[in-house]
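Pulled from TrEMBL, these are the features on record:
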DISULFID  93-106  disulfide bond
DOMAIN    29-224  domain 'Polycystin'
DOMAIN    225-449  domain 'Polycystin cation channel PKD1/PKD2'
TRANSMEM  229-250  transmembrane segment
TRANSMEM  271-298  transmembrane segment
TRANSMEM  318-339  transmembrane segment
TRANSMEM  359-381  transmembrane segment
TRANSMEM  421-442  transmembrane segment
């Protein structure tokens with residue numbers, strides 16, 4: 001879905017249209033536009049020069065001028081670019097009575113209710129008349145507003161000179177007014193060498209405060225999916241993916257039918273359902289994108305004299321890529337379920353599952369303090385420091401402070417009293433206290449898990465045991481290995497042989513019986529407490545269980561004393577032999 005060519009195509013296009021400076025003014029480019037004058041300089045300079053490539057570097061014509069421009073000689077301009085603006089009406093806000101003598105006009109921020117739909121200026125041309133949306137283009141979320149399609153639109157010409165004349169005419173007749181709130185510059189490219197479409201949108205927002213805020217979008221997408229042999233290989237993989245998805249869906253349905261409500265008690269089953277849901281959403285996005293490409297691509301390429309709106313197709317392909325990325329992320333997370341045969345990974349998963357309740361309780365306390373500091377930073381520094389300009393920015397700024405990336409000079413300059421107090425107390429409580437409490441919770445739980453593993457406890461699912469069990473079952477079905485009853489008989493014969501050997505070595509019957517009783521008691525306790533079928537979560541010991549464990553410890557103590565007495569006798573006899 002993503003390859004390095006996409007990055008390089010976006011990079012060269014962004015450097016051409018964003019970083020190229022105005023002739024005679026090296027400090028003015030699209031990123032640095034702050035006034036309407038700078039905007040028209042960009043339109044008549046870097047934008048015009050970047051869109052029209054009609055000759056080689058030695059001014060030799062390479063192709064018919066009626067064809068589309070070839071940016072960087074490799075990227076064909078599809079159709080013609082389009083410039084579109086949205087405006088708001090006058091008197092959409094109220095001026096305070098004391099200032100009405102100074103200001104009679106008022107233009108509010110952009111909303112669909114405040115949008116201006118009337119003609120203005122030279123109403124003979126289409127760019128002075130409002131045009132409603134004819135496509136299903138999505139809303140655009142800018143810095144200061146959410147903008148819909150439509151507006152006052154004009155398309156550029158195939159000729160560079162005609163386009164420049166059009167720009168000059170619009171500038172002289174004040175196409176940009178006080179009511180202008182946003183201008184979109186849209187065009188699309190196609191590179192046949194790497195089979196990629198690049199859909200470009202340059203946005204200049206005109207907030208009610210004055211000035212200009214610029215933003216941009218560069219979408220490199222592969223609309224023609226099946227061209228090379230490798231593409232057909234990918235298609236075969238997609239078919240296999242769909243087959244596996246159907247099989248896994250049937251398996252999960254059988255499990256739900258068999259276990260009913262017990263199925264939903266496992267977190268891994270919830271992950272399975274989430275993964276299946278994401279897979280079905282990915283397939284639906286894939287079908288929608290390909291259907292839209294099939295229906296619209298031919299129409300968009302028919303007339304090269306008009307604007308070709310590829311933004312709609314690119315938008316849905318980007319969302320499809322994002323859905324695939326999320327699906328693959330959770331597919332990788334699922335691997336944790338199958339690596340518990342590894343001791344380290346099993347301890348990690350056991351630690352996280354065991355301390356989840358403590359972490360949730362800690363998280364509530366942590367985020368109460370964290371959001372309190374975020375609100376404080378937003379209210380105190382929000383009007384002067386960019387990192388705290390919104391509440392969301394304050395939250396991310398504090399995460400950066402925890403990681404060591406902060407602008408203390410800006411905070412101190414905004415408020416030289418509260419700035420240092422805010423910073424020092426935030427570092428102390430959040431960084432030194434709360435984060436160390438979080439690490440202490442993890443460390444204590446990890447120590448408990450390691451102690452459990454040291455005495456023989458294991459997780460309820462081990463891939464190694466599952467593989468071993470499957471291997472033994474296969475051998476039994478192939479009659480290469482006898483059933484488990486033969487193993488039990490073999491174990492009984494082994495116990496009888498050990499008892500006979502103990503009699504030959506001089507142990508009396510009472511000692512042998514006591515040893516056999518201790519062995520049975522030990523096996524019963526191990527089966528009860530250390531079996532692989534118990535849950536890995538910590539369970540408190542009941543009074544009866546504690547009594548049994550205590551009696552078991554007393555019997556072990558007796559045996560150790562008995563062994564100690566035996567050793568002392570042997571040592572005394574050995575000393576007497578040495579004296580003789």
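Backbone N, Cα and C atoms are what each Cβ position is placed from, and that goes for glycine too.
Keep in mind the model is a prediction, meaning the values are calculated, not measured.
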Selected stretch (most C-beta pairs under 8 A with the transmembrane segment (318-339)) from 229-250, 271-298, 359-381, 421-442: 271-298
Non-local residues, at least 6 beyond the ends, that sit with Cβ under 8 Å of the transmembrane segment (421-442): 351, 355, 358-359, 362, 365-366, 369-370, 373, 376-377, 380, 398, 401-402, 406, 408, 411
Integer mean pLDDT for the domain 'Polycystin' (29-224): 88
